[in-house]
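In what follows, a single structure is set out as structure tokens and then discussed.
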């Protein structure tokens, strides 16, 4: 009897889901402009995606890509071989995404690779409709294929330019993969109700719930934000599938009503599914804790100024202002910046600040939508608004500063997932407007105009991500008060050799943020190279005073002090740098140069040896050891060090040159000649290489070849020291030989 009762409950729930699917309004009729066949709609999506993002596929490695790929010290040698091909991964990504779109089944229209779902899935309320319909299990009806693709030409996606940071960069692949598995997890949870077997009263598939949890774990491995899918699934289950009325539930809890089962909280399987989701989430977090530990990253007040404010009022007001700015970027992604820290957004410190209006507008809209989602008598509206708000709010929670401090003010990549919910709400709003509008053609033109404008803006933003210069300069007009923007522009100019312009931007960065030690360090370096040593020393001294553990600034200060011939201070600065960074080969190298200037040869050799132990490919340290041993007459040791160095760095022509000099002095002419020729082949325009080879031939008695290489050396550098004198000696000797022969 109990078994029959369970089956009756399952059947009733099944019939309820079936009725929900059959009575679902069709948004294709609400927004009936430009309906396209599925195949053509997919082609339109692919074309629009290509227009938006294609022009950045072969761009440079910019911003985070530079550090993660080019300057990544952990990359293996094999990665260097294929480095030049990595940029083409962006084109391959586009092609694969389009292919995946056509290979997926029609019933899985939400299953799209990240590059295409942003316009194909998020732009469609019809796709939302069918994802809800997919939660309605029935043995008596076949699920109809979604009509998502028919609305592609109708629903604009204003957040497209905002998503450029996640799409353009290789590092942004984490956001794309997270979004992919996030949506797969959601689809898996929906499938749990489509694939149920209805045995012993079960109305869902435990297998697919577990699959959803696993996919959520994979999403989190791609990006921590991915774990929020478990919360979204729980909200979706409770409010959409089980249609729990939160207001009614709260009232019953307050009045200790015993009829909670009628409110839906104890409906068959809901608590069990929520328990599975919670257990999965706790397990994922525990595994992450075991692997990575619990220590939070160290952030500073310039990264997130509001989180360091002493006043709770200031923190709360500014957090909410950040939320409103994120919402505005979703609505109007026109002012975009690669970094929003360091004074880009001044703090709100009093209620008289006019920006408080933005907070009021945000919460007015959110509260209105939440009330409609919870209280509306229209079940269709409640479901769409609930899912839209869920996708909008829940993935954003890790970046909200509510649970822990984050290291940014605004991060455009963080809004990548929430933009799904925004587009659901945006589309639904247009569908409602379309039903009420009398002149639908005008509204259609307006929607297509918005789409066109944002596609153009996205293409422009895509071109800005092609190079660091364009990206950094584009931020100057958006965040002129951001010291980091000026710093990055200056660094880019310095890397290109434009030191004068770089100084201007570095000075502005220091002016905007007087404690910006990295800008001081880089500016000090340039001034040092321009022999403006006293100002360089002032800047570097200030940098280490502000940040005493700044090892690079201590080393650069030591270099300046060495140039000013204040050797004791320089030595102390070098050792302070090594104290704060134990493995610092460049500092050991500079310390060795200091000891060599002081004729402390043993100390110099030890310092350079430490540099090569820490960094075996440190060519300068090897070279200096060879040269010092050569100059002090230790030819055997110099030869041994040179051979050791060439085993580690076999293609370094400067090491070949140094060892060839040692071998020539040891009268190993044949081996010395081979190394000289090999070095010249690698660097044929080095005058000293030709000049020293000529000296070798001169000593060896091969005068014709000596004359030839003396002339090549003088042609490359007419002022080469000693070469002209040696050449004149050779000419006189050749003249004497000719006279004797005559």
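The backbone N, Cα and C atoms fix where each Cβ goes, and this holds for glycine too.
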Tell me which of 294-313, 314-333, 334-353, 414-433 corresponds to the transmembrane segment entry in TrEMBL.
414-433
Taking 119-137, 138-156, 442-460, 461-479 as the choices, which stretch does TrEMBL tie to transmembrane segment?
442-460
Which listed span TrEMBL calls transmembrane segment, if the choices are 201-221, 495-515, 516-536:
201-221
Secondary structure composition of the repeat 'TPR' (517-550) [DSSP: H/G/I, E/B, coil]
27 helix, 0 strand, 7 coil
Under 8 angstroms for C-beta pairs, at least 3 of them, ignoring pairs fewer than 6 apart in sequence. Is the transmembrane segment (166-189) in contact with the transmembrane segment (414-433) by that rule?
yes
Using a cut-off of under 8 Å between C-beta atoms, tell me which stretch among 201-221, 270-289, 414-433 contacts the transmembrane segment (387-408) the most.
414-433
For the repeat 'TPR' (585-618), find every same-chain residue at least 6 residues outside the stretch whose CB is under 8 Å from a CB in it, and list them.
551, 555, 558-559, 562, 567, 570-571, 574-575, 577-578, 624-625, 628-629, 632, 645, 648-649
